[in-house]
Every structure is written in structure tokens, then in C-alpha cells.
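Peer 1: Checked Swiss-Prot, it gives:
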BINDING   HIS150, HIS154, HIS180, HIS184  Fe cation 1 binding site
BINDING   HIS185, HIS324, HIS327, HIS328  Fe cation 2 binding site
TRANSMEM  30-50  transmembrane segment
TRANSMEM  58-78  transmembrane segment
TRANSMEM  102-122  transmembrane segment
TRANSMEM  126-146  transmembrane segment
TRANSMEM  254-274  transmembrane segment
Amino acid sequence: MNAPVHVDQNFEEVINAARSMREIDRKRYLWMISPALPVIGIGILAGYQFSPRPIKKIFALGGPIVLHIIIPVIDTIIGKDASNPTSEEIKQLENDPYYARLVKSFIPLQYIANVYACYLVSRKKTSFIDKILLGISMGAINGIAVNTAHELSHKADRLDHILSHLALVPTGYNHFRIEHPYGHHKRAATPEDPASSQMGETFYEFWPRTVFGSLKSAIEIETHRLKRKGKKFWSKDNELLQGWGMSAAFHSSIIAIFGKGTIPYLVTQAFYGISLFEIINYIEHYGLKRQKRADGNYERTMPEHSWNNNNIVTNLFLYQLQRHSDHHAYPTRPFQALRHFDEAPELPSGYASMLLPAMIPPLWFKMMDKRVFEHYKEDLTKANIYPKRRAKILAKFGLTDPNIENGK
């Protein structure tokens, strides 16, 4: 008689573990959507290359079409998920390497898409307008790549920091790796934070304030870090210089390989990518403010200091960035373990649906100012208000400035 066949014990344990994690996180395999974004980009580029001339420009603008139209529509149809993992499940999710591999897999695919785009842009038959449109499409991917860099920037491992810089290289926004974890997380939802928008501040006023303010902050942070180690800013250990060097090497290589004709494309994708990321920054803390304690320091960051949303599709694309309150409460907590808080202020829709309204100030103010007003129970003295429009905003809600009444 043949000996009974036994299933390999190790293999069975792996299968059981995978089944267990699938039960904990029912979206486990749907998270592949985020690293699949560059693959969608590659498909858009292939469509541009091989499509008939009359529809080439539709493919050239494929990135914004997906980002601003298709994703918001699907997001609205699919709806929300406010479920939370338990404390025990959070530990299991945090220790599962599957999720970290997903985040990192975005980066090589991002570079394949970028190189493919540069090849298309370098062809003589690619018009200047198409170079700009392709730059916008790739800017959408490289802008969302900043979110990949964001997830990696909070890790303690040096390799993760390098990978974070690699995701930022196409946009040249490498100072984000320094400023976000050590600057923004310290000052979030305060008037001093260049990355927190103020009530009544348009995105076009916020953009220069956050871009240049965050750059200045990153330089100050890295200068102080090096000084504590007895080193100067112009040191090989300066992480800012390392990141900028990586970006310079990438762009120089692209120009050397594909020619100067790629410059309009490179500038466009960087500008659009940076702007896309900063629109999300604009949304995240709009008008919200941490209050000062009796000792003059700000209260700790709480769930009520970030705008949140549970729309499933946008969360799948952005590693649950919309569960922003838990991210600020636990900055090193990986995306798969982030929780929803009932007390956190809620956006009217997902980030993807809010991008276009954020670029139209009257529409944005109509959608959001009332929410800030209601969040603070009609006490706008607690809100983070844009100084230039403070009196106008208070008057809009039938309020007066107590500082003016008191002669301050």
C-alpha cells in the first residue's frame, strides 16, 4: 500500500495565513490598484502611440481624464467603507510585508512609464502641444507618486528613504522627504504651517506659500540636523542635496538620451505633478486649527484637525490618505491599518472628486466654508482663517472680529 500523501506543513501554514489576512482585510488584493496606476499610464501612452491621429490627443490627456472624471464617477458609484480593524488586527496588518511590497512596486513601474513617455516625446512627429499634454498625463502619475513617497518617508529604514526620493525624482520635489515628517507633522493645522491651507485662502494663493514655504522649512530642518552632528549644509551627508542630485541626474540623463525636445515635457509633468499633490495638501486641513494651551504651545493634533473621507476607490488609489486623522495621530502606522474616526470632519466627497472644485475658488468656498463654520459650532475664532479675508469671512456668517471690538 502506498504511503499517505501529506500536504507540506509549511505550504499549508502559508495558505492559512493568507486566508486569515484576507478575512481581516477584504480589500487586500484591491490595494494592487495603486501600483497599477503607472500600468494604466503605460496603456495610455501605448494608445497615444498606436491610435489614429484624430484621437491621439484624447490619449495624450488620458491622465487627467482618468483622474478627474473616471475615478470620481466610479468613486461615487462604489461608495464608502467606514469599517475599522481591531487592535489585534492592526498588529497583524502592520507586520504583513505584503503591503510594503505593493507600495515599493509602484516605483519601477513609474520609471518605465516615464521613460516610455520621454521616448514618445522625443519623436519628430510629436507636436509641441502633444508634448505638453503628455506631460500633464505623466504629471498625474508622478503627482500621485508623491503619495508613494509619503508612505515611505515615515519609515525608519534608510532604504525606504532612498526609495521615497526615487518616487520624488521626476517632479524634483525631494525636499518633501524632509519637510513632511519633520515639519508638517509638527505644525499641521496651525497658521505657521505652510502646508495647511487657511479658510478663505484660494489654492492659487496657497500654492506659492506652500511650495516655497515648505522648501524653506526643509532647508532649515536639514541645516539644524547637520549642525547637531557638527556638519555644514554643503556636506555629502545632506539628504536634501542627495535627493536633488538624484533628480538632476535623472533629468540630465533624459535630456542626454532623448534630446532637448523633452524639456517642455519635463517641465510640464513636474509642474502638474507638484500642483496635483499640493491640491491634496490644500484639501487636507483647510480652515482647521489646533488651539493654543495656557502655556502658549499648541494642543496635540487630534482627529478634528484633518478632513477625512471613506470613499473606497480614492482610498485604494491613495493608500487611505483620506483617513488623514489617524495618519497624524500615528505617523508611522502603515496605510492598511489606518482607522476612521466619527469625530473627524468629513469632506463632501473623495479627494479625486474634490480636486476640480479646489481649483475653482467660488465653488470651493461655497462647498467648504459652511462646513468649517459648522465644525466649529459657529465659533470661527477657532478656525484657521486667511488674514487678508478675515473680516469678510466673519461678516459673511454675521460675525464680528472680537479683536477689533477689543481694540486689538
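Positions of Cβ are set from backbone N, Cα and C atoms, glycine also.
Please situate the listed features within the shown structure.
Peer 2: According to DSSP, HIS180 (Fe cation 1 binding site) is assigned to a helical segment.
With a 10 A radius on its CB, HIS327 (Fe cation 2 binding site) counts 25 other CB atoms from all the protein chains.
Beyond its flanks by at least six residues, the transmembrane segment (58-78) meets 40-41, 44-45, 47-48, 51, 130, 133-134, 136-141, 276, 311-314, 317, 349-350, 352-353, 355-356 of its own chain at Cβ-Cβ distances under 8 Å.
Within the chain, the transmembrane segment (102-122) has long-range Cβ neighbours (under 8 A, six or more residues past its boundaries) at 31-32, 34-35, 37-39, 41-42, 45, 48-49, 130-131, 134-135, 137-138, 141-142, 145, 148, 151-152, 163, 166-167, 170, 254, 257-259, 261-262, 265, 269, 319, 335.
The list of residues near the transmembrane segment (254-274) in space but at least 6 beyond its ends in sequence, with Cβ under 8 angstroms from a Cβ of it, reads 115, 117-119, 121-122, 128, 131-132, 134-136, 138-143, 145-146, 170-173, 211.
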Peer 1: Hey, how far is HIS328 (Fe cation 2 binding site) from HIS184 (Fe cation 1 binding site), Cα to Cα, in Å?
Peer 2: 10
Peer 1: What Cα-Cα separation, expressed in whole Å, is found between HIS184 (Fe cation 1 binding site) and HIS327 (Fe cation 2 binding site)?
Peer 2: 12
Peer 1: What is the one among the binding-site residues HIS184, HIS185 whose Cβ has the most other Cβ atoms less than or equal to 10 Å away?
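Peer 2: When each Cβ's neighbours within 10 Å are tallied, HIS184 leads.
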Peer 1: Using the Cβ centroid of HIS150, HIS154, HIS180, HIS184 as the reference point for the Fe cation 1 site, which residues of the same chain not in that list have Cβ within 8 Å?
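Peer 2: Sorted by sequence, the hits are SER153, PHE176, GLU179, PRO181, HIS185, PRO331.
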